[in-house]
Amino acid sequence: MSNETPQQPTPANELLEALGTTLSPDLLVQALTHRSFSHEHPGVANYERLEFLGDAVLELVSTETLFTIHPDMTEGQLAKMRAKAVSEDALSAIAKTKLKVGPYILLGHGEAEQGGAEKNSILCDIVESLIGATFLEHGIDEARKVIHRLIDDTLAEVATEGPALDWKTSLTVKAHGLGKEEPVYHMEVSGPEYAQIFTARVSLGENGDIIGIGKGSSKRKAQLAAAEAGWKSLDSFKTRTK
């Protein structure tokens, strides 16, 4: 394969309109260039440095926003909300639904054949690299506007989830608040090896009464389901004792 840099496509105006800013063509192309493409075309810069920068800017702005709009939340609650709002799942969904960036990502042949334009990890990286490019070209104020445009509805959504952000942690906190012992998860596995069903029963203390039961295709999913049931059980108990 030739090492000459190919004619690089300029993304459609719709992408920049969705992003809500402008970027120089060279910087925009870099923000969309995966390392597999630059490996096949030496001398073409990829998005990794921009992603590194964008990740830091995104963390700053999302933290600042949550800190401001939720003055009564603890550090732990804010950290959980931020983690979910800027998670790989959340950012890749933004890349797919808001930016529709997949067709514009520059990938090496192998990565393209493996569906790289639809991989959540790459889509997440692209969102961060575009934020980094915005910060580099326009500064923090413009980057802040872009971030709000992209994630404000996600921040609002996670704010309504409350304990659902982490049922196991939420159950532990509620149990401690009621003066109860630490939650203990008792596991059972059934079904053939290729289709195992995990059942978790959660009690407060090793020998306490079972307060929640959950099933799932993995130990983690079963424990989360049990923790949710246990949390709701304790929430009902707390309401009855008021």
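Just so you know, glycine gets a Cβ as well, placed from its N, Cα and C.
As recorded in Swiss-Prot, the features of this protein are as follows:
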- D55: active site (ACT_SITE)
- E128: active site (ACT_SITE)
- E51, D125, E128: Mg(2+) binding site (BINDING)
- 12-139: domain 'RNase III' (DOMAIN)
- 165-236: domain 'DRBM' (DOMAIN)
Overall pLDDT for the domain 'RNase III' (12-139), taken as the rounded mean: 93
D125 (Mg(2+) binding site), number of other Cβ atoms within 10 Å: 27
For E128 (active site), the number of other Cβ atoms found within 10 Å of its own Cβ: 24
Inter-residue Cα distance where the pair is E51 (Mg(2+) binding site) and E128 (active site), in Å: 5
Per-state residue totals over the domain 'RNase III' (12-139) - DSSP helix, strand, coil: 95 helix, 2 strand, 31 coil
Cα separation, D125 (Mg(2+) binding site) to D55 (active site) (Å, whole number): 9
C-beta crowding around E51 (Mg(2+) binding site), within 10 angstroms: 21
Cβ neighbour count within 10 Å of D55 (active site): 19
DSSP residue counts for the domain 'DRBM' (165-236), split into helix, strand and coil: 33 helix, 23 strand, 16 coil
Cβ-centroid neighbourhood (8 Å) of the Mg(2+) site, E51, D125, E128 excluded: Y47, E48, L50, F52, G54, D55, C124, I126, V127, S129, G132
